[in-house]
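Pulled from TrEMBL:
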type: COMPBIAS; residues: 1-11; note: compositional bias 'Low complexity'
type: REGION; residues: 1-23; note: region 'Disordered'
type: TRANSMEM; residues: 30-54; note: transmembrane segment
type: TRANSMEM; residues: 74-101; note: transmembrane segment
type: TRANSMEM; residues: 122-139; note: transmembrane segment
type: TRANSMEM; residues: 151-170; note: transmembrane segment
type: TRANSMEM; residues: 228-250; note: transmembrane segment
type: TRANSMEM; residues: 270-295; note: transmembrane segment
type: TRANSMEM; residues: 329-349; note: transmembrane segment
type: TRANSMEM; residues: 355-380; note: transmembrane segment
type: TRANSMEM; residues: 392-415; note: transmembrane segment
type: TRANSMEM; residues: 435-454; note: transmembrane segment
Amino acid sequence: MPSEKSASSSPSDEEALPERGTTEELRRDFSLCIITFLGTIAIACSLAEITPTWPTAGGQYHWVHVLAPKSHKLLASWFTGWISIGGQTALTASAAFAAGLQFQALITLNNLDSCVPARWQGMLFYWLVLVYSAAVNIWDSRVLPHTNLASGVIHVVGFVAIMVVMGVIAPKHDARFIFVEFSNTSGWASDGTSWLVGLLSTIYPFLGYDAACHLAEEMPLPSRNVPLAVVGSVFVNGVMGLGFAIMLLFSLGDLNDLLTSPTGFPFMQLFLNITSNKAGATVLILIVSLVAVAANAAGCTSTSRTFWAFARDSAAPCSRLFARVDPKLQVPVPAIIAVTVSQMLLGLLCLGNSTAFNVILSMAILGMYASYILPIIYMVLYGRKKLNREQFGPFSMGTVLGPVVNTVALGWLVVAMTFSTFPSVQPVTPQNMNYAVVVMGSWLAIGTVYFFALGRKKYVGPVL
């Protein structure tokens, strides 16, 4: 689905909403989608090659501990785990953020003459989604696999339904409009910089493919199934995303009408314009919103398992508490609660920043990509020398293709992390500034203080 360019849910706020996107930016995003898809495939294949050897809930920081030389093990693995938890928390929160603001916007869509949304209302919807996800993970863990399956069905069926509706009903632009025209309207002086800053909205839909790694201890045949899930999810969703991007660009219609939508979400206005019916538009929008809710619930599962593994390894503050697994519910309840509370606190960003959603997306990219980069670096430098063929498991790229794919993945990680910290538009104001570096920097500072004050005395390495 098209990404939201702002977390503000009310066009009536005191400051004007930042521009949500332009036709040229959407065309740019299409070309970036292709490049992002290729870069993400390289990362996914690199991680999938490492995963079968050590399929544990800790994921990235376990791999670093095994691959790194002895002098690096504790420090590198601990910080990889800390960064991974921060990135997963932000990523999971972003799904709830999108769903909560979309539910609020649905009310606006169906009450255009009387509804005046406010930011704090959007935050309450966000918290409601988080509470639902926590409840499902704590009390309905046996139902969770079925809800995940249902969300997958909704995702695929809803994708087909939306594509058919846009393909059949919406007026179409010509191919030149889609593939040829380009202009820089972001405010950045350089066209190249403007183009690269657009990475944010194309990287985000691909994030989260490492979730299967953190559930490796709870699935059958993880050495085979985890790599399939990691690479398969990127490939399937990448193909679907490219198809949707093309159809979206052909079906945009009057862009100014979309950008001035009272809902704050151009895609909602697009669905309303296409269907000319609030009920029809609401159904299409709910497909998007419900998938986001399901993504948050599944993300809560993955993030809580990573945090639980971190605590099990005596690496987290209050490790004994967060390493507990409820004997009746058979889930790490304290870890689930801790993840949920952390995400609720992130929601406070939307009260003071009109681009809070972009901040959370940038935090997710920084955290997730930073947790991917060290395992791949250590794989390139030490892993291929240390491991024999049998230790690679069923997914091996070999000594020729493997280093090439790893190098492409590392190059893409560096570029993506760099430009995800840039403000999306110029001139920069306190309201549209990208504060991701500040928030992630604070997370790292807290981790650094804890590790050198207490953590290094308790952490001796992960349970493998």
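Just so you know, glycine gets a Cβ as well, placed from its N, Cα and C.
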Does the chain bring the transmembrane segment (329-349) near the transmembrane segment (30-54), so that three or more CB pairs sit under 8 Å (pairs 6 or more apart in sequence)?
no
Can you work out whether the transmembrane segment (151-170) touches the transmembrane segment (74-101), with the criterion being 3+ CB pairs under 8 Å where the paired residues are 6 or more apart along the chain?
no
So which of 30-54, 74-101, 355-380, 392-415 is most in touch with the transmembrane segment (270-295), counting Cβ pairs under 8 Å?
74-101
Within the same chain, where does the transmembrane segment (355-380) have neighbours whose Cβ lies under 8 angstroms from its own Cβ atoms, ignoring anything closer than 6 residues to its ends? I mean 6 or more beyond.
3-8, 18, 43, 46-47, 49-50, 60-61, 63-64, 67-68, 72, 76, 80, 83-84, 86-91, 93-94, 97-98, 101, 200-201, 203-204, 207-208, 210, 346, 349, 403, 406-407, 409-410, 413-414, 416-417, 420-421, 424, 431-437, 439-440, 443
Cβ under 8 Å, sequence separation of at least 6 from the ends of the transmembrane segment (30-54): give me the contacting residues as numbers and ranges.
62-63, 66-67, 178, 195, 198-199, 201-203, 206, 209-210, 213, 216, 222-224, 226-227, 230-231, 234-235, 238, 241-242, 245-246, 249, 372, 375-376, 379, 383, 387, 391-397, 402, 405-406, 408-409, 412-413, 416, 464
